[in-house]
Amino acid sequence: MASKVIHAIYNDDDLLLQGVKQVREARYHIGEIYTPMPVHGLDKAMGLAPTRLAITSFMYGVVGFAVAVAMMNFIMIEDWPQDIGGKPSFSFLENLPAFVPIMFELTVFFAAHLMVITFYMRSKLWPFKKAENPDVRTTDDMFLMEVDVANHNVDELTKFLYDTGAAEIKLIDNK
Amino acid sequence: MYTLSSKLKLTAIIFMIVGAIGLVIGFLQAPSDLDDVREMMAAEEHHGETSHAEEEADANFAEAEHGVLLDDEPGRNADEDEAHAAEAGAHDNEHLEHKLHQLQNKPWAAVYVAAFFFFMISLGVLAFYALQYASQAGWSPVLFRVMEAISAYIVPGGIIMFVLLALSGFHLNHLFIWMDPEVVAHDEIIQNKTAYLNVPFFLIRAAIFLGGWFVFRHFLVRNSRKLDEATDLHYFKKNFKLAAGFLVFFLVSESMMSWDWIMSLDPHWFSTLFGWYVFSSMFVSGITVIALVSIYLKSRGHLPFVNNSHIHDLAKFMFGISIFWTYLWFSQFMLIWYSNIPEEVVYFISRIENYSLPFFGMVVLNFVFPLLVLMNSDYKRINWFVVMTGVIILVGHYLDIFTMVMPSTVGESWFIGIPEISAVFFFGGLFTFVIFNALTKAPLLAKRNPYIKESEHFHY
């Protein structure tokens with residue numbers, strides 16, 4: 001973490017987007033951006049890598065499908081192949097239609113829940129977690145961009161951020 | 001304005017000619033009386049050991065089935081051989097007659113499947129088009145002219161369907177067994193349905209459905225063209241109401257159409273979700289054809305305002321409705337399989353026993369393939385992926401109609417041979433010719449649609 005950062009606060013998401021583009025063009029480094037709501041195109045403007053959450057979800061779905069197949073094949077076909085209402089329990093394939101609803105639901109269950117848990121873990125969210133909010137107004141109506149000062153001239157950077165339309169600029173010392 | 005390239009025109013006409021020749025061959029090959037069938041079966045037997053063995057297996061199977069049917073008759077085992085010997089002569093003739101009807105139906109059924117398949121595509125596109133108007137979709141107006149052109153086939157295709165139904169009604173073929181008075185005379189189940197299933201009412205219903213669709217299409221397209229020159233939104237509002245009205249009419253008429261044109265091929269069988277099932281098939285094939293035509297036109301530089309987000313949206317629809325189709329297919333299959341009530345389950349028994357490859361193959365083509373290929377958001381933007389999946393979806397839905405129609409018309413005598421392929425060629429050529437000809441009738445970008453700007457800048 002940079003020892004010194006500048007918090008530039010914008011009160012409009014259009015200004016913020018424009019500011020992000022200018023800051024990146026000027027090759028300053030953006031640490032974080034705090035917004036009260038999703039801003040369309042912000043991740044693209046910041047150059048963030050696309051999420052791989054959907055890929056994990058697909059894999060969890062495959063796992064759920066495999067669990068369902070293995071479970072029902074063992075219980076219904078291998079372990080105790082009972083005649084229940086004349087359903088053919090000689091092989092998995094013969095009784096497959098009866099298993100499909102469970103296979104479907106388990107696939108969705110695994111895909112959905114494990115993906116959500118992955119999301120919580122990756123974004124470090126849990127109950128009693130201490131909120132990392134640099135300015136309470138960013139949950140209401142302000143947009144905050146955190147720019148690393150690094151070895152740049154503070155005055156120049158401040159002037160630059162002011163020109164991008166920031167309503168408030170603060171120098172923060174990280175201890 | 002789009003101009004029909006002479007190459008495309010020539011290809012379509014060649015397809016139609018080749019298909020027409022194949023159909024003539026198919027009709028000539030069909031046997032005309034019992035002697036022909038006897039000869040054909042004799043010729044088949046001379047083909048070699050394998051076919052002979054197969055036939056014997058078939059015969060054994062038939063006998064086994066016969067045995068099962070008689071299972072509850074006491075003393076069956078003792079009389080069995082005698083009864084068989086006595087019955088043999090009459091049974092043989094009966095069998096030949098059965099076979100004759102199936103083989104005579106073969107070219108007719110091939111034409112019927114292909115005619116319905118291409119007709120339902122244009123009807124599905126019309127439903128999609130009306131849905132875009134009624135839901136005031138912001139992404140699709142740039143594709144309206146493509147949809148209007150594809151729905152143009154509804155008129156010639158619908159007339160061909162009506163002619164085919166009328167020919168059945170005039171007893172030129174045996175596609176619909178309930179149209180045969182001799183069959184009805186001995187069949188109490190059909191007798192109880194004659195209030196609905198009788199030829200005049202059947203044809204009147206068909207005329208009402210087709211007339212309704214023609215009229216709605218005519219006015220929807222006319223208003224859309226008039227909107228181009230209008231100075232206000234009068235025609236847009238008109239189309240909005242018209243589209244909403246069409247959707248109501250469509251859902252009722254489509255459902256009844258599927259009972260009439262497809263389900264009544266099996267007059268002993270019924271299924272309540274059949275209308276939806278046929279609808280999902282036509283809807284997904286229609287959307288696929290919209291995507292294919294748009295990609296083709298774009299590759300030729302005729303649709304510069306269509307970007308890959310539009311293709312992405314169409315591919316999403318292909319993906320979603322493919323799954324919807326599978327859901328309905330499975331719901332219908334599983335409910336009947338699970339309860340296993342004899343009068344319902346024969347429908348699937350005949351399909352699984354004699355049509356296992358097309359019956360289960362189409363589920364793979366229509367579900368597994370789109371599911372795995374079109375799940376990735378990036379792939380949905382890649383034209384060749386969409387085209388490849390689109391072709392597979394269309395083949396799958398042809399097989400879908402094939403397995404709906406064929407088992408009840410030609411039974412185990414099915415084969416995808418000259419008549420079937422020729423029919424697809426013929427109607428495919430006609431379809432291509434009609435829709436690309438319709439594309440030349442208006443500029444490819446609708447003007448003055450209130451959503452056209454949004455649609456041109458659509459980005460997902």
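Glycine is treated like the rest: Cβ placed from N, Cα and C.
Taken from TrEMBL, the feature region 'Disordered' applies to B:71-90. The annotation transmembrane segment is assigned in TrEMBL to B:12-30, B:109-131, B:152-172, B:202-221, B:242-262, B:274-297, B:317-337, B:357-375, B:382-402, B:414-439.
Each of B:152-172, B:202-221, B:317-337, B:382-402 was scored by its Cβ pairs under 8 Å to the transmembrane segment (B:357-375), and the highest score goes to B:382-402.
Contact between the transmembrane segment (B:109-131) and the transmembrane segment (B:317-337) is absent: fewer than three CB pairs lie under 8 Å, with pairs separated by 6 or more positions in sequence. Where the transmembrane segment (B:274-297) meets the stretches B:152-172, B:202-221, B:242-262, B:382-402, B:414-439, the count of C-beta pairs under 8 angstroms peaks at B:382-402. Residues 113-114, 116-117, 120, 262, 281, 284-285, 288-289, 291-292, 295, 298-299, 308, 311, 314-315, 318, 322, 358, 361-362, 365-366, 369-370, 373-374, 416, 420, 424 of the same chain lie 6 or more positions beyond the ends of the transmembrane segment (B:382-402) yet place their CB under 8 Å from a CB of it.
Sequence-distant neighbours of the transmembrane segment (B:414-439) (same chain, 6+ residues past either end, Cβ-Cβ under 8 Å): 2, 4, 8-9, 11-23, 25-27, 29, 106-107, 110-111, 113-115, 117-118, 121-122, 145-146, 148-150, 152-153, 156-157, 293, 297, 354-355, 398, 402, 406-407.
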